[in-house]
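K.L.:
So TrEMBL says this about it:
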type     : residues : note
DOMAIN   : 55-163   : domain 'MTTase N-terminal'
DOMAIN   : 184-417  : domain 'Radical SAM core'
DOMAIN   : 417-479  : domain 'TRAM'
TRANSMEM : 596-621  : transmembrane segment
Amino acid sequence: MEDIEDVLGPAGFAGGGAPPGLRLPLSTVAVKPKRRSYKLLQTQAQPDARIPGTQTIYVKTFGCSHNQSDSEYMSGQLSAFGYAITEEPEGADLWLINTCTVKNPSQSAMSTLISKCKTANKPLVVAGCVPQGSRDLKELEGISIIGVQQIDRVVEVVEETLKGHEVRLLSRKTLPSLDLPKVRKNKFIEILPINVGCLGACTYCKTKHARGHLGSYSIDSLVDRVKIVVSEGVREIWLSSEDTGAYGRDIGTNLPNLLNAIVAELPADRSTMLRIGMTNPPFILEHLNEIASVLRHPCVYTFLHVPVQSGSDAVLKAMNREYTVSEFRMVVDTLCELVPGMQIATDIICGFPGETDEDFVETVNLIKEYQLPQVHISQFYPRPGTPAARMKKVPSIEVKKRSRELTSVFEAFSPYEGLKGKVERIWITEIATDGVHLVGHTKGYIQVLVIAPDSMLGTSADAKITSVGRWSVFGEVVEGTVAIKEASPQQNSAEVQVENRPNHVEEAACSTNTCDSCACSGAESTAQQCTQRCEGPSDAPTNCGDATRQETPQSTLVRRNVEGAGKTSGSDTEKSRGDDQQINVITRRALNIDRILWGGLAVSFATTVAILVLLTCKIFYTSS
């Protein structure tokens with residue numbers, strides 16, 4: 001089926017007038033009201049007497065932070081038109097799946113979800129990188145699809161799909177506006193896409209097929225967005241793209257210019273922090289001093305994700321990565337020298353076609369030399385349509401063996417040991433899934449778990465590090481150091497993110513994908529592959545991506561971090577702390593049970609008194 005620029009209404013309306021379902025937009029929703037030409041895909045539309053905008057939409061997101069931002073924008077537009085967003089698929093009137101194409105597991109998960117949706121007889125819209133990069137997939141036949149640059153028209157697609165029409169919007173156009181309504185998954189975190197696509201041509205990358213060539217937002221539009229989200233109480237801004245280092249090369253500017261402009265708008269009280277997304281080595285080499293200067297700023301996390309992928313120049317050449325190992329070393333060495341407390345994350349692909357034992361040894365030696373605190377390890381997995389898929393493969397047994405060996409090497413490091421006993425400033429933005437801890441980050445973006453009231457969300461405080469684990473550290477908030485949250489700002493009635501409605505996100509697989517660094521899927525979890533933060537295998541190549549994430553983040557990784565920290569350190573102090581935490585949880589549960597029991601006793605007593613009163617009255621009236 002050929003792609004069309006627009007959808008299809010009932011037969012016979014093309015002669016004039018607005019198509020059914022295309023209402024005049026709200027002031028906050030950029031649905032264009034102009035008349036368009038339509039092509040009929042389904043002549044027998046299923047009648048639906050329900051009023052558009054009253055249905056419930058289940059939104060499911062796979063993949064990276066860029067995908068998550070797209071889902072938040074789509075959810076925001078739908079909410080602004082009256083649709084309810086839910087994380088419960090069974091009760092939804094339509095499913096909206098935002099897909100990731102970086103790995104086969106994520107695409108397989110999409111196919112499984114599509115099958116479930118068809119079995120449940122639910123209308124379905126598939127968005128994101130899979131339909132954009134592989135539009136002719138058999139699984140997508142007869143399904144409404146929307147591309148990565150058409151998310152500003154999701155309301156139209158949903159309305160027509162609910163009527164029984166098939167809609168396909170895949171043509172590339174101008175970038176979606178940054179000022180669309182947005183439902184944030186976490187109201188304290190703004191994911192800000194600064195560009196789409198990239199300038200690279202990695203031989204294993206599938207996402208380039210979907211996101212395309214580099215397209216950058218203007219500095220003015222990005223700065224305006226920063227001003228808005230800061231006024232709305234956002235405490236972290238994540239710059240996201242397929243390669244932040246390439247920003248601006250298509251519009252005559254560069255990343256340092258953008259960063260300096262954004263930093264100038266951040267509050268001087270450090271209430272809002274900036275996290276810079278992933279950059280490939282070729283595009284940061286020209287600006288190392290300028291980037292280091294920005295990273296030293298008090299409102300910028302001293303953290304950067306710089307994927308190396310291999311310690312062998314021969315393998316990097318086969319990957320078409322356009323840099324050498326020595327250039328990667330220059331990036332890391334310079335930033336660590338110029339930026340106090342600098343934290344670097346990187347990626348490794350094990351078993352790329354043609355990788356010899358000698359090549360792998362070079363990779364192992366590189367990881368041993370730098371002992372970086374975060375290394376995302378993936379096994380190579382060929383993606384259809386890429387040059388690497390046609391290369392001679394390393395036997396899968398050998399690939400798994402190398403992945404396990406490198407994982408063991410990496411897990412032998414203790415990167416956070418030196419933090420124990422220190423006091424660090426942390427910015428608290430999330431609740432851990434164990435229900436006990438809040439999640440904060442140091443300026444180096446090290447995850448710190450603290451026991452504190454929910455009222456501390458959106459604040460910063462000093463925390464004394466009491467114990468360290470392999471993946472995170474535990475701390476205690478130092479009394480009197482909390483930076484109190486400002487009063488919630490007044491928001492436009494259309495800005496529904498204040499409600500923090502759920503936007504269900506599922507990570508595709510554990511790796512640095514083409515849009516982000518760490519993506520986990522519980523269905524694919526094993527303990528050996530992705531060695532930083534997430535549990536699960538990384539059996540496909542990692543490419544360019546956003547900085548290491550917590551994006552759906554804490555949900556799958558914090559529970560592990562809590563358990564892992566206790567297992568990693570065997571000190572009496574840590575054991576005692578673990579016991580205290582367990583007692584804390586048990587105490588909370590006991591208090592809840594006591595309240596229930598006393599409430600039940602009170603109700604029983606009141607019922608008994610009422611019955612006695614009624615019986616007494618009845619006996620009195622009978623005797624009289």
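In case you wondered, yes, glycine gets a Cβ from its N, Cα and C as well.
Predicted automatically and left uncurated, TrEMBL annotations should be read as such.
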K.L.:
Under DSSP, the domain 'TRAM' (417-479) has how many residues in helix, strand and coil?
P.N.:
6 helix, 33 strand, 24 coil
K.L.:
If you run through the domain 'MTTase N-terminal' (55-163) with DSSP, how many residues end up as helix, strand and coil?
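P.N.:
In the domain 'MTTase N-terminal' (55-163), the DSSP-based counts are 52 helix, 24 strand, 33 coil.
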K.L.:
So what's the average pLDDT for the domain 'Radical SAM core' (184-417)?
P.N.:
94
